[in-house]
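To keep things clear, I will list the structure first and then write my remarks on it.
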Amino acid sequence: MSRHESRKLSDDYEVVDVLGKGGFSVVRRGISKSRGKNNDVAIKTLRRYGYTLPGAQRSQPGQRGLSPLGMPTLKQVSVSDALLTNEILVMRRIVEDVSPHPNVIHLHDVYEDANGVHLVLELCSGGELFDRIVAQDRYSESEAAEVVQQIASGLAALHKSTIIHRDLKPENCLFLNQEKRSTLKIMDFGLSSVEDFTDPIVALFGSIDYVSPEALSQRQVSSASDMWSLGVILYILLSGCPPFHAPSNREKQQRILAGDFSFEEHTWKTITSSAKDLISSLLSVDPYKRPTANDLLKHPWVIGDSAKQELIEPEVVSRLRSFNARRKLRAAAIASVLSSKVLLRTKKLKNLLGSHDMKSEELENLRAHFKRICANGDNATLPEFEEVLKAMKMNSLIPLAPRVFDLFDNNRDGTIDMREILCGLSNLRNSQGDDALQLCFQMYDADRSGCISKEELASMLRALPEDCVPADITEPGKLDEIFDQMDANSDGVVTFDEFKAAMQRDSSLQDVVLSSLRTI
């Protein structure tokens, strides 16, 4: 990875539309200036907040391998920097030992600048695994077996190089292109680990639906943990729903730890015993009893000898569509929460602003000035933010404006979200009861529609100070619980009545939300 200022990402690529955003990254489509439009790439920008990568040499395009990086330990950096460090280390190993492989994303190049580290990756334009599946009216066991075969092939190559993915799920499996016979690629190695090489990031953000029993109980995680995740994916492909149903996250964890799933639902009657036997072996609580990726590549069901050609029940496809839609909604909301440096930002804000106590009328005036001054709706540039502070006669805060602005410029695009900064500033005042709830709600009801989206609700939690964050907030699935409790009718938006009812039902939930309005 190069630190030569003479070579910049913009020298080699035209960066165009945004393809997706994650908790600590953004992916954009790039066009090679030397090779033209037929060589589009995906440029994943990993934002960093705490440190600058030490001087390291970037491999030139086409070279195998990235030079060693002298990294600090993960405990010395923030979560976002840990993810950045981890993904670079794992991608380096993939380039050295795995690439090129038809079922593993390929890294073309790496750049670094003040905005972060840019990974230039193979562009996968064929869509996510489940999106592609549910676009069909029906599919067969044989087609599901082809999916498993491709994922197993990628895992076999990764595991041979002692790389554990640790976060295998449908959204991390993308088709290379729109062709019917497109290859499927495993991607997103931010939570991966290289055995005896990197410090794994344990149990932070993985969806609990795919997490193995040993990962939940914080025992040794191995390549067998990836095989468990593949077993869950296969179960969902053949039934349309995850194997471990439970009314609460805690009960779901207990079922996973016990390996408590079944094939009793009526659509399983049409599925071959070979497929069910394979799922049972992959979902064995004992990791040593699970087949390896290489074992799967020789399994009669996976290679097509025993997988049925007949189409699966339409009910399965319908359930999978519903599951997939809800999964995507949650993923967007959770990414919104994670993108805000949940454990760091509010304390930094308080340190900057000291004892400046924002009153309710000041917050409302601030909103009005944002609306009047900002050319781009709810987003403000630094000069616009400084103009807002001047209009509010907050002269003492103007010298701090660049530092406050930087705290809220999540994707380093030179703008901040007015709603985020209002919620952040509201941490410095006291409030309680319905007024506090209404204030929270109105902060993010930007269009005064009377309801807020899941993404907006997630954003509301961004400003939580570390002291007020529940101890188990980073446990897999905990954020899912919060969203489920809010959205009573599962329609993707939350009315004030739903919001208030959720607070009244669960005092611990009220503590979480109202923490954003209390003095820290």
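Think of each number as a place in line: the chain as shown, counted from 1.
Placement of Cβ uses the backbone N, Cα and C atoms for every residue, glycine included.
The domain 'Protein kinase' feature in Swiss-Prot is assigned to 13-302; the stated evidence is sequence analysis.
Residues or ranges marked as ATP binding site in Swiss-Prot: LEU19, GLY20, LYS21, GLY22, GLY23, PHE24, SER25, VAL26, VAL27, LYS44. Under the DSSP three-state reduction, VAL27 (ATP binding site) is assigned to strand.
According to Swiss-Prot, the feature active site, proton acceptor maps to ASP167.
Taken from Swiss-Prot, the feature phosphothreonine applies to THR267. A C-beta separation below 8 Å, combined with a sequence spacing of at least six in one chain, links THR267 (phosphothreonine) to SER239, GLY240, ILE312, GLU313, GLU315, VAL316.
For 325-338, the entry in Swiss-Prot reads region 'Calmodulin-binding', with the evidence type a curator's inference.
Averaged over the domain 'EF-hand 1' (361-395), the predicted model reaches a pLDDT of 72. For 361-395, the entry in Swiss-Prot reads domain 'EF-hand 1'.
Swiss-Prot lists 396-431 with the feature domain 'EF-hand 2'.
The Ca(2+) 1 binding site feature in Swiss-Prot is assigned to ASP409, ASN411, ASP413, THR415, GLU420; the stated evidence is sequence analysis. In three-state terms derived from DSSP, THR415 (Ca(2+) 1 binding site) belongs to neither a helical nor a strand segment and is classed as coil.
Residues or ranges marked as domain 'EF-hand 3' by Swiss-Prot: 432-467.
In the three-state DSSP scheme, CYS451 (Ca(2+) 2 binding site) falls into the strand class. What Swiss-Prot records for ASP445, ASP447, SER449, CYS451, GLU456 is Ca(2+) 2 binding site.
Annotation comment: Swiss-Prot describes 474-509 as domain 'EF-hand 4', evidence class sequence analysis.
The annotation Ca(2+) 3 binding site is assigned in Swiss-Prot to ASP487, ASN489, ASP491, GLU498 on the grounds of sequence analysis. Long-range C-beta contacts of ASN489 (Ca(2+) 3 binding site), restricted to its own chain and to partners at least six residues apart, with a cutoff below 8 Å, comprise GLU498. DSSP gives ASN489 (Ca(2+) 3 binding site) a coil state; it is part of no helix or strand.
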#### Entry: Assigned element (helix, strand, coil) containing THR267 (phosphothreonine), judged by DSSP
helix
### Task
Translate the DSSP assignment of GLU498 (Ca(2+) 3 binding site) into the three-state scheme.
helix
## Note on the structure
Most Cβ neighbours within 10 Å, among the recorded positions ASP167, GLU498, goes to ASP167
### Task
Counting Cβ neighbours within 10 Å across all chains shown, tell me which of the binding-site residues SER25, THR415, SER449 comes out on top.
SER25
### Task
With H, G and I counted as helix, E and B as strand and the rest as coil, say where DSSP puts LEU19 (ATP binding site).
strand
